[in-house]
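S.K.: Okay, handing you the structure first.
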Amino acid sequence: MSPALPKKFAFTCALLLSMGTATAFAQNATHADSAHGTSGHAQSADTKKAEAMSPEDFVDDASAKGIAEIETAKLALEKSQSQDIKTFAQSMIDDHTKMNEQLQQLAQQKKLEVADNAKLMDMAKKMILQVRDESFDAAYANNQVVAHEQTIEIFRNEANTSKDPELKALAQAALPKLEMHLEHAKALQSKYANKQ
């Protein structure tokens, strides 16, 4: 990731959040071809469960989900009063930032035509959670279960069907961490289920 990208990303995130555009969490969020402009390589993971995704689609989907995880975790750090939620949120920021950096580096090495940060933010904002303060912890835990189930699905699909050995290896290496995130999210979901 170039030094300018984190600044642009932070500015874009701050602008989107300050304008109130982080307004929807779509459990089955998909992105349309228009989310990719004219690149023509957009399809959701949901429509490609049994077939291999293009390298560009995998990087775009995985990156957008990572951005959504990071932004939702930042909200958790601000809104939650629970230390275990805050600890989990910080690990989401750390782990998904690292994962997105690896995806972007690999995309650059392979000269893949992938979505820019603005398009990734458009994709991610469909997945970002909006909740009331009184139910934040339960909503965040529920969000993380669904988000990680979806993310695991696209990483598992890439690990099982990719013809690109480096992307396949990246997906395989990421799966144990993502599965650990899912188990942690399920534990939080169970803990906060009655606190809505």
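Note that the numbers count up from 1, one per residue, in the order the chain is shown.
Keep in mind that glycine also has a Cβ here, set from the backbone N, Cα and C atoms.
TrEMBL: automatically predicted annotations, no manual curation.
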S.K.: Between 33-55, 79-101, I'd like to know which one TrEMBL lists as region 'Disordered'.
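M.R.: Here TrEMBL associates region 'Disordered' with the stretch 33-55.
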S.K.: Report the mean pLDDT of the predicted model across the domain 'DUF4142' (55-188), rounded to a whole number.
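M.R.: 90, rounded to a whole number.
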